[in-house]
Amino acid sequence: MTEKKLHVALLFGGNSSEHDVSKRSAHNIYDGMDKDKYDVSIFMFTKDGILLDNEASQRIFDGEPEDQVVQEAYQKMDLDAPLAPIAALSTVKEIDFFYPVIHGNLGEDGTVQGLFRLLKKPYIGSGIASSAMSFDKDLTKRILNQAGIRNTKYLLVTPQNKDQYSWSRIKEELGDLVFVKPAKQGSSVGIHKVDTEEEYETAMKDAFTYDYKVLVEAGIKNPREIEISILGNENPIASKLGGIRVPEGDEFYDYENKFVDASGVVFDLPVIVDDDLAKEITDMALKAYEALGMKGMARIDFLVDEDGVPYLGEPNTLPGFTNISLYPQMWNISGISYSELIDRLIQLGIEEFEYEGQLRYDFKALGVEKVGEKRYN
C-alpha cells in the first residue's frame, strides 16, 4: 500500500525588500523536495501582502510576468473583504504542512506563524515569539545581553529621543566608526557604515524610512565575517563554519553583494579558524538559539575582531536557500544533503507541532474550574 503523501503549502513572496530573493529560495526548495513524499502547492504573497490562489501563484512561479498575473488575480478578488489577504487558502484541498519561504516582513517577524497557529497546522521554523524577537535587532540584543552573549554595544534611537543623539554623543559613547540599522529589516537593507557627521545624518534619515526604531552600533574595524547553521528543536546541532570575504573596497556584506552582484564575494566553506575560536562561536550560537527560543533552523552571523574575539551579529530564523545562500551549503559540507535537510526541517516542524499539542491552555491547567472560579485545597 502506497503511503499517503504529505500535502505541503510552499509560500513565498511578501511585501518586503526581499520579495524576489524569496522567490529564488522557493524554487530551490521546491526542486529539492522529494515528490514521492510531498504534494506541493505553491502560494505567493504579493508585494501588497495579499495571498494569491494556487493557480495564479503557480503561473508566477513558472515564469509568467508577475505584475500582469497579479493584476488579473486582483480583478477576480474582493480586496475589501475582511479576510482578503488570506482568502486564497480556502481554494485548495486540505493542507498538511506549511513551508514559508518569506524573508523579512510577514515571514520572519511572527506574522505568518500566527496564521499557521490559528489554522492549527504545523510549519517550518521558529514560533511567533521567537520569530518576532529574532527579527527585531533591539529585542535580540536585549536577550543576548541578558544571557551574557557577547555582541556589539549599541544605542536605540527613536523619533521621540533622536534629538538626544548628536554625532558628538554617538562618538563619545560608541567610537568614531558605527553602523546605523533599522531594527526590523533583513538582508542589510537600510544599513549604513558611518564615520562622519554628514554620513550619520543621511543614514539616520534613511533608516527611519524603514522603521521607527533605529540601532546605532559600535563598528568593528576589519572584521572577519563568519556564519554558522543550526538545526533542531530541543537538542539542536551546529554545522561547520562558513566565512565571507567581500570584494576589496566594499565596506561590508551588503544587499548588493548578497543579491545583485555576488561575483566578487568569496565564500570559505569551511572557513579555517583555530579550534578554540570555532568552539567559542559554536557555543555562543547554540546558547543564543536557546535564549531566543528558536526552533527548526537558524543561520547565525558573527564578526571576529582583529584580536580574534567573536561578536554575535544577527540570527536569521528563515535563512535564504538561493544558489549562494550559506545555510544549506554549510550543512552540505557537514554531511547533510539538500533534500535530507528539507526532510529534517519538515519533520522538526511536525514534532514541534505535536509537542505544543500536548500543552494545556484551559483554565483547569491553572487550577481554575471555570472562569471566575478559584479552586482551593
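Easy rule for this one: first residue shown is 1, then count along the chain.
Glycine too: its Cβ is placed from the backbone N, Cα and C atoms.
Residues or ranges marked as domain 'ATP-grasp' by Swiss-Prot on the basis of sequence analysis: 141-347. Confidence over the domain 'ATP-grasp' (141-347), given as mean pLDDT on the 0 to 100 scale, stands at 91.
Counting every protein chain shown, 27 other Cβ atoms lie within 10 Å of the Cβ of Val178 (ATP binding site). Val178 (ATP binding site) falls within a strand when secondary structure is assigned with DSSP. Annotation comment: Swiss-Prot describes 171-226 as ATP binding site.
Under the heading Mg(2+) 1 binding site, Swiss-Prot lists Asp301, Glu314, citing sequence analysis as support. Under the DSSP three-state reduction, Asp301 (Mg(2+) 1 binding site) is assigned to strand.
The Mg(2+) 2 binding site annotation in Swiss-Prot covers Glu314, Asn316. For Glu314 (Mg(2+) 1 binding site), the Cβ neighbour count at a 10 Å cut-off comes to 18, with all displayed protein chains included. The DSSP secondary structure for Glu314 (Mg(2+) 1 binding site) is strand.
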Which residues in the same chain, at least 6 apart in sequence, have a Cβ under 8 Å from the Cβ of Gln185 (ATP binding site)?
Ser16, Ser17, Gly104, Ile191, Tyr210, Asp211
Report, in whole Å, the straight Cα-to-Cα distance of Asp301 (Mg(2+) 1 binding site) from Val178 (ATP binding site).
18
If you count other C-beta atoms within 10 angstroms, which of the binding-site residues Glu199, Asp301 is the most crowded?
Asp301
